[in-house]
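What follows is one structure encoded as structure tokens, with my remarks underneath.
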Amino acid sequence: MTSKNKINEDLANERRKCNFNIEEVTYILDGGKEKTLQRKKIEDVALNGGASVDDIPEEYLSARERYENAIRKSCIYTNIVKNEVLEITGIENYGSPVLRRTGDAFFKDISPFMLHLGMFVPSIIGQCTAEQQATWLPRALDMKIIGAYAQTELGHGTFIRGLETTATYDPETEEFVLHSPTITSYKWWAGGLGRTANHCTVVAQLYTQGKCHGTHLFIVQIRDLETHMPLPGVKVGEIGPRMGFNTADNGFLGFNNYRIPRMNMMMKNAQVLKDGTYVKAARHGKLTYGTMVFVRVTLVGEASFNLAKAVTIAVRYSAVRRQSELRPGSIEPQILDYPTQQHKLFICIATAHAFQLTASWLWNTFTAVQAEMKKGNVDTLPELHALSSCLKALSTSDATAYIEQCRFACGGHGYMLSSNLPFLYAFVVATRTYEGDYTVLLLQTARFLVKAWEQAESGKVVTPTVAYLNRHFTTNGKMIWDNSPEGIIRVFQSVAAGKISLCVRSIRNRITSGMDHEDAWLMTTVQLVNAAEAHCRSVILHTYWNEIVRLTKHSSDNVKTVLNQLVMLYLTYWALERTGDLLRYSTISENDIDLLQRQYEELLVKIRPNAVGLVDAFDIRDEILQSTLGSYDGRVYERLMEEVQKNPLNKEPVDPSFHKYLKPLMKSKI
Ligand SMILES: CCCCC/C=C\C/C=C\C/C=C\C=C\C(=O)SCCNC(=O)CCNC(=O)[C@H](O)C(C)(C)COP(=O)(O)OP(=O)(O)OC[C@H]1O[C@@H](n2cnc3c(N)ncnc32)[C@H](O)[C@@H]1OP(=O)(O)O
Ligand SMILES: Cc1cc2nc3c(=O)[nH]c(=O)nc-3n(C[C@H](O)[C@H](O)[C@H](O)COP(=O)(O)OP(=O)(O)OC[C@H]3O[C@@H](n4cnc5c(N)ncnc54)[C@H](O)[C@@H]3O)c2cc1C
């Protein structure tokens, strides 16, 4: 073995200690052996060309060079996908999470094509008629047209009904006239819009026959397909440097009475006829928000995957890194041996599992609701909206906090861009805001919860994810504390029910004392966010536990044991995090809390020998991890030194600035 492929001895020892079958866990996380094998096949085909490697790491490039490099790599990757990967997986895998994640090997930051596949194509699939899809979809999938999703404006992101861009129908020419009447009506933020896209989905207020019908979606060509020049009446550009997403050319866009054909309105849910007659969406008023719901659902899996990357890096590094001494003269321990380090990291492993299993469950719920809607039944949409809103909010918020925790766990080296942890953080922290801000989405869930509470109060049976509310009205007093998984979940549901109940009481009291409903709601929003968070926690705990029980039924004993330890760690961690709530809404005692603490510390000890095995089970290839600290071989220090050689500042022994500025300064007199 050369030193280049030698595995770090500490890491090798960790792998010898691991007592469970790693592949078995990988299969569970991927959703089955076949899925793992297909993922590996895709990765082999897509990554074996080594196209991902940049001679100069992208962080050393100027803004222009970075963008051009990102486009170059996006084209290489797209060609590999079109010509090689889809050959074996089929076209239906074009937008699959596996391909999105494999693409991470090509970009530390973001591909400028991400929004094309992430939102432009889904908006065509979800919002266009079959006839419109036949016109647009093949061209979009073949990259003959490249799109963005332009909804947010300079003045409005959250409040979609407040968007100002107008689309006014002209029956004379059978066209819509797009216009940006104010500076705040300029589209702002859309990924891929600034330099890359030649088309985009535009969300605008629809006017026809002198009446406004609210926001609708339109497909708009913004650049010439040959010259890429913006078309007359279109003003488009890049919005400038950001915390992350710097290769995504997020853009601005304005229209000056710009005309598009009538059939460019996405007409699956509402139509404008040739004469200008508006035909209303028959089934549900919010179906035009469907692309956002789809992306929110996929973001739970994204949160899990990016957290899995961060904790893989941090756990492997913590096995390699030795620091301090426990007793005078003793060998320095691996930092992974410190219980405080285990406390930082094992919850991240468990959370990645919890989110991955919840993401799969949510995806199944989403497809079931879609199937119902195809049959004309929209009854399950409110529950899906409430679920996808809170799960998106919590998974992205927790993943952000835990990725930062992984970075802290890597000390100074975690601050290096080459660790990849700062990029992961900058990417994931944005997910807390985009596709619906954290607070705003939890308040959407709260609306649903208050309604469900009122239904349960009046004796009606409520939908499955809030069924615990029915129990709330049949049991008296605090929930009996019970330290079993089911018991902890029941108590978390009681906490949620108790908090929703307090919100309802606050709103009612405020109304009784003279406030109107809007003000009473507004004054209660701090509590409402808190209640929605508690509800969502209970959903995640419940789903994670149920899925582990279901998926490990036929697993080997050691896999069952280690996955059980992790889910117990998760339940215990959150019980300890929320002792205030448990004291308020259950019969838990001081003694029970002491027991929980002990149980938690014992779980850290039990999981410790399998920690590296558990992150290996995420099975994330080095090319995708892109980290000096987290590679499979653990050559941390060698990789940090190799990376230094790529630093353009080290190319010459003396920097030109020495002669230009430093030397004159040194020679000058005070
Ligand atoms: C290929 C793989 C891809 C992987 C993915 C990887 C990466 C991610 C891809 C892209 C990310 C990068 C870019 C991000 C893009 C964006 O950010 S696009 C812009 C997203 N913008 C938002 O999310 C805006 C958030 N705001 C809203 O959603 C709404 O304005 C809000 C819901 C807050 C309020 O809407 P409003 O019309 O004012 O409604 P009300 O609050 O009055 O509610 C009325 C009733 O309607 C119900 N409702 C609201 N939304 C929905 C919905 N989506 N579905 C179903 N029902 C909905 C609401 O609950 C109310 O019902 P009740 O009256 O209470 O019964
Ligand atoms: C990296 C990135 C990529 C993006 N990509 C796209 C894209 O491709 N296409 C696109 O259309 N958009 C995109 N966006 C925009 C994104 O969807 C919005 O920024 C997001 O929905 C939040 O809206 P906002 O910026 O208007 O925030 P605001 O709504 O102004 O929020 C500011 C603060 O006000 C609070 N607030 C707002 N309303 C309420 C309320 N009703 N109750 C209580 N609190 C409230 C929020 O909680 C927040 O704290 C992107 C954003 C980012 C950061």
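Glycine is treated like the rest: Cβ placed from N, Cα and C.
Listed in TrEMBL:
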DOMAIN    21-146  domain 'Acyl-coenzyme A oxidase N-terminal'
BINDING   Thr152, Gly191  FAD binding site
DOMAIN    289-450  domain 'Acyl-CoA oxidase C-alpha1'
ACT_SITE  Glu435  active site, proton acceptor
DOMAIN    485-667  domain 'Acyl-CoA oxidase C-terminal'
Surrounding CB atoms that lie within 10 Å of the CB of Thr152 (FAD binding site), all protein chains = 18
What are the non-local neighbours of Gly191 (FAD binding site), defined as same-chain residues 6+ apart in sequence with CB under 8 A from its CB?
-> Ile110, Pro112, Met114, Leu115, Gly118, Ala148, Tyr149, Phe245, Ala248, Asp249, Asn250
What number of additional C-beta atoms lies within 10 angstroms of the C-beta atom of the residue listed as 'active site, proton acceptor'?
-> 23
Give me the Cα-Cα distance between Thr152 (FAD binding site) and Glu435 (active site, proton acceptor), rounded to a whole Å.
-> 10
Residue counts (helix, strand, coil, in that order) that DSSP gives for the domain 'Acyl-coenzyme A oxidase N-terminal' (21-146) | 92 helix, 0 strand, 34 coil
Model confidence for the domain 'Acyl-coenzyme A oxidase N-terminal' (21-146), as mean pLDDT, reads 91
